[in-house]
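Right, one structure below, let's go through it.
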2 protein chains.
Amino acid sequence: MKTYNVAILGATGAVGQEMMNVLAERDFPLNKLRLLASKRSVGKTYQYKDQVIACEEATPDSFEGMDIVLGAVENDIAEQLLPHAVKAGAVVIDNSSAYRLDDNVPLVVPEVNPQDIQKNNGIIANPNCSTIIALVAINKLHEYATVNSIIASTYQAVSGAGVPGLNELNTQVTQVMNDEKVEPQVFPYQIAFNLIPQIGGFDEMGYSSEEMKMQNEGRKILHHPELNVTCTCVRVPVMRSHSESLTLFFDKEIDVEKAKELLANADGVKLVDDPNNKQYPMPLDTSDQDLVYVGRIRKDLTQNNNKSLTLWCCGDQVRKGAATNAVQIAIEYIKQNA
Amino acid sequence: MKTYNVAILGATGAVGQEMMNVLAERDFPLNKLRLLASKRSVGKTYQYKDQVIACEEATPDSFEGMDIVLGAVENDIAEQLLPHAVKAGAVVIDNSSAYRLDDNVPLVVPEVNPQDIQKNNGIIANPNCSTIIALVAINKLHEYATVNSIIASTYQAVSGAGVPGLNELNTQVTQVMNDEKVEPQVFPYQIAFNLIPQIGGFDEMGYSSEEMKMQNEGRKILHHPELNVTCTCVRVPVMRSHSESLTLFFDKEIDVEKAKELLANADGVKLVDDPNNKQYPMPLDTSDQDLVYVGRIRKDLTQNNNKSLTLWCCGDQVRKGAATNAVQIAIEYIKQNA
């Protein structure tokens with residue numbers, strides 16, 4: 001079997017670490033795994049299966065001989081280093097938002113648009129976490145009846161801000177319980193026992209950058225430039241699974257039973273919808289695994305045309321929202337190029 | 001000045017205690033305050049201004065001589081005891097859901113439909129907490145342009161389950177931080193670091209009882225039997241303020257500037273809408289006070305007709321969602337009958 005040289009750029013972060021886990025779990029056909037990070041992490045070691053691998057400093061020369069580079073760094077570092085990976089001949093799967101809307105870069109959720117991988121010119125972008133979770137949840141419905149618009153309210157975990165976000169919630173909860181002063185550093189306000197309706201900066205209409213991603217990235221992934229999304233993104237004191245309340249408007253009739261039937265057989269989805277037996281998606285249940293849980297599917301009461309539904313879904317932000325989706329793209333890329 | 005004999009039924013609970021606070025803060029014209037509770041609380045004492053008042057057992061005979069009874073008990077106790085209060089000649093303001101949809105009982109948010117108080121036959125019902133907060137937020141908009149439908153996603157605090165709910169979140173957070181086993185008692189699952197998309201039981205369509213209250217109570221309070229609401233109610237690990245993401249569909253055009261102008265002058269509302277300066281409603285900021293904060297007002301991107309808006313609001317569930325609204329009804333009742 002052919003094996004591949006893989007580098008993780010940003011290996012010490014929450015997403016980079018999870019990429020290592022997912023590569024191992026899925027028995028990725030690895031020849032060599034290179035862990036790239038900032039200078040201060042050089043020499044830090046991590047276990048990958050029975051190997052111990054030391055971090056190397058990420059530089060423009062780090063990508064020689066690599067077949068696949070998984071990017072798990074912020075936009076500025078991605079833009080600075082990833083073009084060198086492409087020049088070195090690697091295919092890059094990038095989790096930053098730097099290239100997502102670039103016409104030359106496919107934006108891929110493997111359950112939704114795997115064929116777009118073919119159009120890559122060296123970079124494939126991994127979508128926004130909330131967008132991935134929403135699209136996995138609705139994809140089979142959209143195949144049956146085109147989704148023309150979505151009203152979304154999100155409940156987003158602190159892991160969206162990486163390890164510092166996870167640490168901040170832990171620290172603040174302890175501070176509150178001990179009656180100590182809380183001094184926010186990662187989030188703009190206290191997140192423990194609070195909600196913050198801001199993720200990213202705001203545009204002139206008052207939408208946050210995170211809120212516009214579901215529309216902009218959704219249009220590209222679904223090849224549906226007319227898709228309209230009104231999204232409200234809210235940070236909640238949950239560790240690592242995002243939840244979303246979605247109301248979907250379709251171009252033709254679709255009832256709850258049909259939706260359940262479609263979702264029971266949807267790739268990447270676990271249908272959890274038996275509320276009378278207290279079965280519905282919850283972020284704790286989806287933490288540390290890859291499926292998007294979908295439930296609470298019901299008729300939208302604001303329309304009388306049977307062309308809209310409302311539902312609730314949850315997915316692990318670090319895994320399916322980032323690391324798992326990237327590794328799935330890598331696996332699909334290999335399959336398509338075998 | 002005329003003074004009144006007031007009894008609080010359920011005085012030891014979160015809402016009953018807050019009713020005492022609000023009566024004191026608003027210098028309610030009290031002659032006598034009677035605190036009624038279950039047998040096991042008899043003799044428990046509470047400070048009201050410079051008096052110390054001992055709880056008495058609530059019985060059918062407890063209401064003799066009372067002018068106003070504030071009900072802060074569950075439906076079964078409300079139905080068992082409050083008719084005796086009416087018989088004894090008191091006007092009852094009841095926070096349970098037992099009488100809310102009774103045609104003979106007005107359901108009142110003082111900022112919205114104070115005139116309905118006149119139609120009481122001894123009982124005035126205090127609406128559901130999320131419904132009060134939503135209606136205070138949208139009332140001035142609805143006066144300008146009729147709201148025909150709402151898509152709502154709630155983020156509801158544990159105080160909705162009273163003192164046991166507050167204690168459960170505190171206990172569970174400590175247990176999680178100490179790596180101890182969490183055993184839910186009040187909520188169906190762990191609420192610390194989690195979200196639970198169930199408040200109340202479910203109907204045959206899959207809506208929870210809490211979710212249907214916004215439509216059913218909203219129709220009655222707004223005198224708008226055609227109002228349609230698709231609501232998703234979610235319990236979040238926040239202590240005592242509910243938050244709501246609302247998308248509103250109007251019968252005529254209304255833009256963001258007009259909405260802000262209306263809300264800047266709305267009774268019971270604090271407009272907090274300057275996202276570029278990180279000013280938006282948050283549950284921590286609205287805890288322990290009476291105003292409903294409204295912000296993040298923006299154009300709904302799913303419609304092209306300028307007849308819909310989306311916004312975010314927060315309000316204290318124990319105060320404006322329950323105790324404050326009840327005391328405001330009592331004050332309005334006195335004013336109307338002066």
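Sequential numbering from 1, following the chain as shown.
Any Cβ shown, glycine's included, is placed from N, Cα and C.
TrEMBL annotations: computationally assigned, not manually curated.
As written in TrEMBL, here are the features:
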- A:C129: active site, acyl-thioester intermediate (ACT_SITE)
- A:H242: active site, proton acceptor (ACT_SITE)
- A:T12, A:G13, A:A14, A:V15, A:R40, A:S41, A:S159, A:G160, A:Q317: NADP(+) binding site (BINDING)
- A:R100: phosphate binding site (BINDING)
- A:Q156, A:R235: substrate binding site (BINDING)
- A:5-120: domain 'Semialdehyde dehydrogenase NAD-binding' (DOMAIN)
Mind telling me which of the recorded positions A:R40, A:R235, A:H242 has the densest Cβ neighbourhood, counting other Cβ atoms within 10 Å?
A:H242
Greatest C-beta neighbour count within 10 angstroms, which of the binding-site residues A:T12, A:Q156, A:S159, A:Q317:
A:Q317
Radius 10 Å, atoms counted are CB only; among the recorded positions A:A14, A:C129, which position scores highest?
A:C129
Does DSSP give A:T12 (NADP(+) binding site) helix, strand or coil?
coil
Longest CA-CA distance among A:T12, A:G13, A:A14, A:V15, A:R40, A:S41, A:S159, A:G160, A:Q317, per record bound to NADP(+), angstrom:
26
Under DSSP, is the residue listed as 'active site, proton acceptor' helix, strand or coil?
strand
Provide the three-state DSSP residue tally for the domain 'Semialdehyde dehydrogenase NAD-binding' (A:5-120): helix first, then strand, then coil.
34 helix, 32 strand, 50 coil
Which one is it: of the recorded positions A:T12, A:R40, A:C129, A:H242, A:Q317, whose Cα lies the shortest distance from the Cα of A:Q156 (substrate binding site)?
A:H242
How many whole Å apart are the CA atoms of A:R100 (phosphate binding site) and the residue listed as 'active site, acyl-thioester intermediate'?
12
Across the domain 'Semialdehyde dehydrogenase NAD-binding' (A:5-120), what does the pLDDT come to on average, as a whole number?
97
Within 10 Å of the residue listed as 'active site, proton acceptor' by C-alpha distance: pick out those among the binding-site residues A:T12, A:A14, A:R40, A:S159, A:Q317, and say none if nothing qualifies.
A:S159, A:Q317
By the DSSP assignment reduced to helix, strand and coil, which category contains the residue listed as 'active site, acyl-thioester intermediate'?
helix
Show me the subset of A:T12, A:A14, A:R40, A:R235, A:Q317 whose Cα is within 10 Å of A:C129 (active site, acyl-thioester intermediate); these are the binding-site residues I mean.
A:Q317
In angstrom units, rounded to an integer, how far apart are the Cα atoms of A:A14 (NADP(+) binding site) and A:R235 (substrate binding site)?
17
Look up A:Q317 (NADP(+) binding site) in the DSSP assignment and reduce it to helix, strand or coil.
coil
